[in-house]
Amino acid sequence: MLAKTDPVINDLIKQEENRQRHNIELIASENIVSGAVQEAQGSVLTNKYAEGYPNKRFYGGCEYIDQIETLAIERAKELFGADHVNVQPHSGSQANMAVYQALLEPGDKILGMNLTDGGHLTHGSPFNFSGQLYDFYSYGVADTNEQLDYASLAAKAQEVHPKMIVAGASAYSRTIDFPRLREIADQVGAYLMIDMAHIAGLVATGVHPSPVPYADVVTTTTHKTLRGPRGGMILCKAEYAKAIDSAIFPGIQGGPLEHVIAAKAVAFGEALQPEFTAYTKQIVANAQAMAAVFDQSDLVRVVSGGTDNHLMLLDLTNSGLNGKELQNLLDSVHITVNKNTIPFEKLSPFKTSGIRIGTPAITSRGFKEKDCEQIANLILEVIEKHDQLEAMTAISEAVLKLTDQFPITQAKFLD
């Protein structure tokens, strides 16, 4: 139908589908949803308006919508052990915005992770609403090991006395010590909000410790390692439920995207299966296999010396390339990464000294450790031989052979 109604859009979708099939996707925030998740999101639920919450709607005809949203909520509660869950946020950024609005006043002091050290725009960037509406102070990693500097964070908290401490990251490869963060927050009487967007899938299966018992509020996206549709979610203690729900609706959103919420419910159901635990363990094993290869090279340096989760940062200082240059070179041989700042960055965010690499999407295709070691070696080969046409052609052919070997439609962890 789409091909007939709008052939231009249809053709572009087909081209994107072809790109995904024939590229090795290493962007840490991307994944490949199951056919069931995709089917739910493309359903007739997109036709339905449902302002409000289950059994408290401002529109009629929501009897099935209520059941679907309730299922999403209950599955998320089971998955993460949360008192209360709101599945309506359209994105992780909107989930974070709602938490700030629910618990803070404009101008309140917040302590968040420095973007350069691995934080997120919504954790206080001056270019983001968070840094414009609230008085953010930053903490980061230690210069000795590039891991979170909890002592420095605690000292900063004592100095600033923030009303909230925000933790979680978009480019941090190590396990986060949530009990320590709770202790620091309690010492200054601050709320503790954890943004677990990147590690939610790992948390769901116990591969990464859970922030839920320690945080007042936890926000997340529902894609990335959780392998659901693009969207957001908030988990909180029961005492904050009313404030959080009111901040989402009518605070910052109107009608929820019920077709996306249905897809979230499906993804949560998938994450409750034993196969998903095996999948998340493989994500980490694959990332560690890649990091081990990079760690043996003189061309790159693995930030913090390794990874405990799904991603790693590579310092390209010794390679003669910046992040943007390597991103473009890898694109030319069908490997997708993103340029990324590294701790104590010296280049602009439009160039960067590093790249970020993640394994969720390739693990969804069925890649194992040996395959990931091969990918790492291909990346090193691009760095070393990027000015040799014959070598780059051979690398491109090797990548296409791998993507043919692990087609998306036959991915091990998909239906």
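Cβ atoms here come from the backbone N, Cα and C positions, even for glycine.
Secondary structure from DSSP puts Pro349 ((6S)-5,6,7,8-tetrahydrofolate binding site) in coil. Residues annotated as (6S)-5,6,7,8-tetrahydrofolate binding site in Swiss-Prot: Leu115, Gly119, His120, Leu121, Ser348, Pro349, Phe350.
Around Lys224 (N6-(pyridoxal phosphate)lysine), the same-chain residues at least 6 positions away in sequence with a Cβ under 8 Å from its Cβ are Ala28, Ser29, Glu30, Asn31, Ala197, His198, Ala200, Gly201, Pro360. Among the features that Swiss-Prot reports, N6-(pyridoxal phosphate)lysine is placed at Lys224, with the record citing sequence analysis.
His223 (site 'Plays an important role in substrate specificity') has a Cβ environment of 26 other Cβ atoms inside 10 Å. A coil conformation is recorded for His223 (site 'Plays an important role in substrate specificity') in the three-state DSSP classification, outside any helix or strand. Per Swiss-Prot, the feature site 'Plays an important role in substrate specificity' maps to His223.
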The number of other Cβ atoms within 10 Å of the Cβ of Gly119 ((6S)-5,6,7,8-tetrahydrofolate binding site), counted over all protein chains shown, is 24
Greatest inter-residue Cα distance in Å for the (6S)-5,6,7,8-tetrahydrofolate-binding set Leu115, Gly119, His120, Leu121, Ser348, Pro349, Phe350: 17
In angstrom units, rounded to an integer, how far apart are the Cα atoms of Gly119 ((6S)-5,6,7,8-tetrahydrofolate binding site) and His223 (site 'Plays an important role in substrate specificity')? 18
What's the number of neighbouring CB atoms sitting within 10 A of the CB on Pro349 ((6S)-5,6,7,8-tetrahydrofolate binding site)? 13
